[in-house]
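So the structure is just underneath, and the comments pick up after that.
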Amino acid sequence: MSGFVGVLVSDPWLQSQFTQVELRGLKSKFLSAKRESSHVTVKDLPPLMAKLKGLNDVLTAEEIGTILGESYQDDSQEIEFESFLREYLKLQSRSGAKLGSTKNSSSFLKATTTTLLHTINESEKSSYVAHINSYLGEDPFLKKYLPLDPATNDLFNLVRDGVLLCKLINVAVPGTIDERAINTKRVLNPWERNENHTLCLNSAKAIGCTVVNIGTQDLVEGRPHLVLGLISQIIKIQLLADLNLKKTPQLVELVEDDNKDVEELMSLAPEKMLLKWMNFHLKKAGYKKTVSNFSSDVKSIGCSASGKNEFLHHQDGEAYAYLLNALAPEHSSTTTLDTKDPNERAKMILEQAEKLDCKRYLTPKDIIEGSPNLNLAFVAQIFQHRNGLSTDNKKIAFAQSTPDDVLISREERAFRLWINSLGIVTYVNNLFEDVRNGWVLLEVLDKISPGSVNWKQASKPPIKMPFRKVENCNQVIKLGKQLKFSLVNVAGNDIVQGNKKLILAFLWQLMRFNILQLLKNLRFHSQEKEISDADILNWANSKVKASGKTSQIESFKDRNLSNGIFFLELLSAVEARVVNWKLVTKGEDGALFGFYLFTCCEEEKKLNATYIISVARKLGCSVFLLPEDIMEVNQKMILTLTASIMYWSLQKQQPAGQSEASDNSELSAETPEIPSEDSASQKAPSSDGEGSAVAESISNLSIDDATSSTSVENGNETA
């Protein structure tokens, strides 16, 4: 494995102000400027800094020059990297002051513990610690470290070895990580620790978390704001898991009988579904207002003399009182609404919820102040324990009768997670609905083929006029044809109409184009030849053969792939120590010997497939397939898995002179099939002597010399 050290700064405080992804991006820009004239001076900074995140569109280069002039009288003075970072922080502060951001901070965590750039919310920290203590308290490995004390930094210390976050992901979405792949020794060496964090981040992406701006080094260091941000996303996914018609068909009661309303309900994000459910019961209970968020609206709302809604100074959770009265009248009383003291009312609400076995995710103060993350968790808990929906309804039968092609569902999931991993602005909740206006597809095209989209001819959602959606989708098809996609007799209107098969076919070509471009752009060969599916297949066979194994495959639909042995041998070939062969089963076909043996065989195949996916993610591959895709030999997903392993292997072996270009924060944060952050910088000891083998086994491949074509300017987004 690679033992990524990261960008180190001599001043610990200065180091703590940036994530590793941010540091790498800034270091890359600083070195680029330095290469032009062998050094960076004060007068070089304004045009450089005017393009940085947080300063662009706020401070002009001239204004930045004036601010720097306050500290430096001589603009020819040479600037080192750490001075560059300090000036960037100062300018961010001035930029924030100019926008008035000190009063309107939109950072994920607000509160009492703060640095210049990042703050953490102690209430949220306490709630997440309580959640971890509750769900992982009996875990065989973690129980010796639990319960954690929320008043200390125990949480941030425990996440440093990566085990806790991996286990938490499995609590949220069981089976995501094969726990056999987690390194659980009491004392881990740096490579084993790094493997756990790489596995964690790639698995977090695979359940829908946004980890664009988090690297393994940030988790090794236990960065509080990033750790809490990731934990919050994982817990949110767990709590909202049942808020869809597949898991809870009774939700169809929230809409009228119109089929169109049901389709719209199916397209709602889980948070929106939760709000719709809450408003449904509040309306039945006689509550006159509509809750539109989990912060201000769960507080008491008053009405001014002008008739407009305004927030009262004493917020008291009136909406919760109505909701619990409607759902659990046996635990409610009129006293809750009659109580005038906001704090007392909030206490009574929490006592009622505890009678429903709801875990206490928030305090009375959190209700009064309207903490959005904790209030969402609280409402989700109420939904899980008492949703109050009908269990005998014709609509439920309709929802359950909706055809659900298993393969289409799996591919929808894979493409949705892939799109969300790219770091585009729009988050996709329901693939088939969210792409119909064309905007998401344009964002993806612009990400994987920068500069290709004509944004002047694109319409941004919400789009009321249908022809604007068609215009967006027509541009999508036009760009697809320019990229040589197979789009015979396909028009933009097919996407607008939600043709599932055409949408999946287009997205597959997008994903395939992206991974082939990544492979092409590594470039330490120069034959100017495009990478093909056959090249990937030949590389994989050559790699396995060179390692002394005998497995070979004829294509990506070779049925021999179903037992997983070939992939395990391939993973072992690119990194000998990554596969523990004691955990591998044969997975051989035994159907001729009876149903029992066939069942055992399928179970063994699934064990192998699950292990393969976790080992690949642990290695550094960001993949979104499921074990069933390997067992059933889904050709598309098999190709992406093989290509991802190939990408990791080739990137690891890049000549040292190209490492800087490859160590691109924007690329590593935003491309789907790339090691989460660290494989290009420094390698752990390897026993396979791969350097020359790679050159020989893929000498027929050409890899382009440019830095990745998927690199974009806005890579450092906040997680």
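Glycine too: its Cβ is placed from the backbone N, Cα and C atoms.
Heads up, TrEMBL stuff is auto-annotated, nobody curated it.
Straight from TrEMBL, the features:
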COMPBIAS  658-668  compositional bias 'Polar residues'
COMPBIAS  697-719  compositional bias 'Polar residues'
DOMAIN    122-239  domain 'Calponin-homology (CH)'
DOMAIN    268-387  domain 'Calponin-homology (CH)'
DOMAIN    409-515  domain 'Calponin-homology (CH)'
DOMAIN    530-650  domain 'Calponin-homology (CH)'
REGION    658-719  region 'Disordered'
Counted with DSSP (H/G/I as helix, E/B as strand, rest coil), the domain 'Calponin-homology (CH)' (409-515) has 68 helix, 0 strand, 39 coil
One stretch in 268-387, 409-515, 530-650 has more Cβ pairs under 8 Å to the domain 'Calponin-homology (CH)' (122-239) than the rest, namely 530-650
Can you work out the mean pLDDT of the predicted model over the domain 'Calponin-homology (CH)' (268-387)? 79
Please work out the helix, strand and coil residue numbers for the domain 'Calponin-homology (CH)' (268-387) from the DSSP assignment. 69 helix, 6 strand, 45 coil
